[in-house]
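Novice: According to TrEMBL, the protein carries these features:
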type	residues	note
TRANSMEM	25-48	transmembrane segment
DOMAIN	41-290	domain 'G-protein coupled receptors family 1 profile'
TRANSMEM	60-78	transmembrane segment
TRANSMEM	98-120	transmembrane segment
TRANSMEM	140-158	transmembrane segment
TRANSMEM	197-225	transmembrane segment
TRANSMEM	237-261	transmembrane segment
TRANSMEM	273-292	transmembrane segment
Amino acid sequence: MQRVNLSTVSEFVLVGLSDAPEVRFLLFVLFLTIYLATMAGNITILVAISTDTRLHNPMYFFLGNLSLLDILCPTITVPKMLEALLHENKVTSFTGCMFQLFFLIDVVGTEIFLLAVMAYDRYVAICHPLRYMNIVSMKLCTHLAIGTWVVGLFNSLLHTSLIFTLSFCDSNEVDQYYCDIPPMLALSCSPTYSRELVILTVAGVLGSGAFVVTLISYIYILLAILCVNSSESRHKAFSTCGSHLTVVCLFYGTTICTYVRPSSTYSPNQDRIVSMLYGILTPLLNPIIYSLRNKEIKCALSRVISQVRTALAR
């Protein structure tokens, strides 16, 4: 028999930020600046990839998808946080909280799978360079990209349904600046053990699968690089993979700390810091990491900036 939601709570209060007016204003300025910089960086990457035909290949196709996810991730949480800081409006409806969690888990899950696909792409490029375009065709890239978005969507549907069919009947204060799985589990007044078990199992299986693909890809890449005699070729191979590997370490480290653990270990202060790392700082750093370590992106960005300056000068 399906469990009936017996919640008496119709709205939630997000209490994850400081109430001190002077600190609140400084936080507003800080997060608004980071958000605008994140939007500018990732939109510029998307424009560069879409307008420069030299970047119309599998690696940059996946990077474009990553930039799109890095636009969506902070957009799901930061505007509401800025509203709370500026207007002290920390209230969100039950439905609004549900949709926020759904889209957040969707984006986070999709990015995990996309990073695994990008690792496979780098494996083929380094280990099978002569067959690269035959193996990683644009048709396959499209299917893989769609697959990551679809799996992320169904993963999010499962997690969201498990959370919002719980009962919330006492406190409605979410100890976080957005609706997320750990604080919602901690807030529920109904037993959560079985749902936590399902969430951890699904997250463990899907996350471990993506991690194993990434790990095996980089083991083969490392072995292939070590077999290369030319130091210049080694440096080029490391440079090609370095950006992606840095992003993988940042994203996996923070998301594992947040989601792959029982709610009994939930610490609001710790989770707030970790969630800001993957939800706000990582989307800001990704375009910087890729643009600093990639000559083709640098050249494409220079052309975009030059075209913008020319258009503004007219």
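Glycine is treated like the rest: Cβ placed from N, Cα and C.
Unlike curated records, TrEMBL annotations are generated automatically.
Looking at the shown structure, can you explain where the listed features end up?
Specialist: Distant neighbours of the transmembrane segment (197-225): 109, 112-113, 115-116, 119-120, 122-123, 126-127, 151, 155, 158-159, 162, 181, 234, 237-238, 241, 245, 248, 252, 255-256, 259-262; these residues of the same chain sit at least 6 beyond its ends, with a Cβ under 8 Å from one of its Cβ atoms.
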Novice: Can you give me the average pLDDT across the domain 'G-protein coupled receptors family 1 profile' (41-290), rounded to a whole number?
Specialist: 84
Novice: Same chain only, please: residues at least 6 beyond the ends of the transmembrane segment (25-48) with a C-beta under 8 Å from a C-beta of the stretch. Say none if there are none.
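Specialist: Distant Cβ neighbours of the transmembrane segment (25-48) are 17-18, 55, 63-64, 67-68, 70-71, 74, 78-79, 81-82, 85-86, 280-281, 283-284, 286-288, 290-291, 297, 300-301, 303-304.
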